[in-house]
Amino acid sequence: MLWRALILTLLSALPLHGEEVVAGLSQARVSINTTFSGSEILIFGAVKREAPLPTTDLDVIVTVSSPLAPVTVRKKDRRLGIWVNTDSAQIDYAPSFYAVRATKALSEILAPAQDFEYGISIPRAIRASRAQIVTPQSSEFLQALIRIRSNEGAYQQAPNSIELTEDTLFRANIALPANLTEGDYKTRIFLLRNNQVIDAYETTIDVRKVGLERWIYNLAHQQPLLYGLLSLALAIAAGWSASAVFRLFRG
Amino acid sequence: MQIYLPIAEVSVNAFLLFGLGGMVGILSGMFGVGGGFLMTPLLFFIGIPPAVAVATEANQIVASSFSGVLAHLKRKTVDFRMGFVLMGGGIVGAALGIVLFNFLRSLGQVELLVSLCYVVFLGVVGTLMFIESLRAIRRTRNPGALPLPKRRQRSWVHALPFKMKFRTSGLYISVIPPLLVGACVGVLAAIMGVGGGFIMVPAMIYILGMPTKVVVGTSLLQIIAVTAFTTLMHATTNQTVDMALALLLLVGGVLGAQIGTRIGVHLKAEQLRILLALMVLGVCFKLAFDLLVQPSELFSIGTGGGH
């Protein structure tokens, strides 16, 4: 009986080290309307603590990821004097947007095994969801994907970008770009000590097209024929009115 | 002012689109071309996904061609019979073009195909036009030195069966050549996102022997049919027609075309043609350069899996 009670108390004492993250977002919903030009999201929170403050350093990592989608990465090579796509690799699950914010450089505060388990750094976030083993050849394509999307600002990894006050309060800013795709953006917050994740918190940012954007997108995908006819009608009306206006000016 | 395009899923500056539409509109008004061959590469350049650019440009050409054909209808310079024959061929060609486009898209070679088409056709048409207009300028400088070469009255076109009377054009020829010309232009329209006027007009004059007066109006009729069909096909099979993008380009294009027509009046026909030839060759060289020179980034990302 005694060992059972012991396990119960241990369970209730979870999370380990007795520290827990409580967090909020400045907005849980991003609406893409016609004039959408990106959005700034503030992620803030505090560390709830029942035991006295441990002596080791506390670190925080925040990640925001768009829904995962398959992508094909293609490589050009010279054939008959011109540059042609010759080789390609499919990456089954890659976010179109991924941002990592941390109190220090990721390599300093995150053990590789933990990174592998939680899929935190950019290469892990892509690879994490892949079942198959990455060969050196496919890692060339993976690196290209990360390089291109990082240059576009779609993948962001910034060390020292979280303010942590008194080992308790933290805040991170994430700028969502204008070229955002729809979906549930998974937002995760990790607390770390000794390179180990001691607590994690997960929430979603709901990114949706609204208004006219929503209507056009839905129509194009649900009633493609009607949408095509409507596009034509618009074009013909525009062409007709242009010549009518021109005639008015002349006459 | 940034505008988020619902289908392309990119945010672009609305004034930039107005400007592009206007600029291409001025050129198309000046030279009497659709301008698709300029607009589609420009859309690639500002970051619109190629599939969306090609499909949307087809929709925009419907508008500008419709506006143009109305003017020609008034002047009675449209050969409806010839227009319908070309259309028949054009729609078959466009259907083939869409199948080819989607097949190559799954292979990841669609960009190459589009670029190669542009380089070959713009190169050939630009060079021919350049030589022809140089000759024309020389002719006007010393009149009487080089008489106009007489067009051959009877060619292989006249030897083919299934003859038909085209009253407006004053022709009695087989329907096979117009069907073939229509089909070729249809394939190009679907693949390149152009109306195909720059190929069709010379083909109608030199192969079919149509009088220049009715060529532009009739080719516009065919262009409307083919680009409308292409728009519908792209909209139903790929969902890549962006209505918002098309509208923004239209407004600029329509205004530009009216300005361009007025500028065109003040220039001589030969000067216009030589300018157009230089522009066509310019686009051709730029695309050829991109194919021949090692790109700084060898990798590219395509959305979705091929499977």
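Using the three backbone atoms N, Cα and C, a Cβ is placed for every residue, glycine included.
Taken from TrEMBL, the feature transmembrane segment covers B:12-38, B:83-104, B:110-131, B:171-199, B:205-229, B:241-260, B:272-293.
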Return the stretch with the most CB pairs under 8 A relative to the transmembrane segment (B:83-104), choosing among B:12-38, B:171-199, B:205-229, B:241-260.
B:171-199
Pairs of Cβ atoms less than 8 Å apart decide it: which stretch in B:12-38, B:171-199, B:272-293 has the most with the transmembrane segment (B:110-131)?
B:272-293
The recorded stretch from B:12-38, B:171-199, B:205-229, B:272-293 sharing the largest number of CB pairs under 8 A with the transmembrane segment (B:241-260) is B:12-38
Would you kindly list the residues that approach the transmembrane segment (B:272-293) from elsewhere in its chain, counting only those six or more residues past its ends and only Cβ-Cβ distances under 8 Å?
27, 30-31, 33, 37-38, 41, 112, 115-116, 118-119, 122-123, 125-127, 129-130, 132-134, 136-137, 198, 264
